[in-house]
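Novice: Grabbed the feature section from TrEMBL, which reads as follows:
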type    : residues            : note
BINDING : Ser15, Asp18, Arg45 : substrate binding site
DOMAIN  : 7-158               : domain 'PurE'
Amino acid sequence: MSEQNKPLVGVIMGSSSDWDVMQHAVSMLKQFGVPFEAQVISAHRMPDEMFKYAETARARGLRAIIAGAGGAAHLPGMVAAKTIVPVLGVPVPSKYLRGEDSLLSIVQMPKGVPVSTFAIGEAGAANAALTAIAIIATTDDALASQLDAFRAQQTAAAQAMTLPVNE
Ligand code: RP5
């Protein structure tokens, strides 16, 4: 792999069943042309792989790790325990508690080992990717310009909104 294509963002999730949500992080990274890697790493079913992934993340050049999980969502916190690469946690909706369990599991990290926690579901996955992009953009002017343009598009779209009452 050339230096240019080396992944800068790691996208990991506890199960392939998380993909429906986590694909929104991946498509945002693709939209901005940010090199990434994506894989399933289950905290409770693949703990050794999880630690290895976290321990090697910084040396491999990752600038951010987006970690999605549902239920008793240990993955983001345990990855954060083993690396100083920023971990962006995405709560995946769960079958019985609609992802409120995932959200509380991820957001309530004790002081000292942070996990930046996002909204439950699709918006959280997309915003985690935008945050990873913003982190990289702190040292990448071209990417910063892309982010500015992305924001400007949203402003223009909101300004163009009309309401039936005014038509
Ligand atoms: C978590 O358990 C995963 O992140 C997923 O959200 C949830 C259910 O996993 P599966 O039973 O669908 O593999 O580890």
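Even glycines carry a Cβ here, placed using N, Cα and C.
Model, not experiment: these values are computed from the prediction.
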Novice: Can you give the largest Cα to Cα distance in Å, as a whole number, for the residues Ser15, Asp18, Arg45 that bind substrate in the record?
Specialist: 15
Novice: For the recorded substrate site, whose residues are Ser15, Asp18, Arg45, find every other residue on that chain with a C-beta no more than 8 angstroms from the centre of their C-beta atoms, and list them by sequence position.
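Specialist: Apart from the listed residues, the neighbours are Met13, Gly14, Ser16, Ser17, Val40, Ser42, Ala69, Gly70.
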Novice: To see if you understand the setup: which same-chain residues, six or more apart in sequence, place their Cβ under 8 Å from that of Ser15 (substrate binding site)?
Specialist: Val40, Ser42, Gly70
Novice: Enter the number of other CB atoms within 10 angstroms of the CB of Arg45 (substrate binding site).
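Specialist: By my count, 11.
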Novice: Over the span of the domain 'PurE' (7-158), how high is the average pLDDT in this prediction?
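Specialist: The average pLDDT of the model in the domain 'PurE' (7-158) works out to 98.
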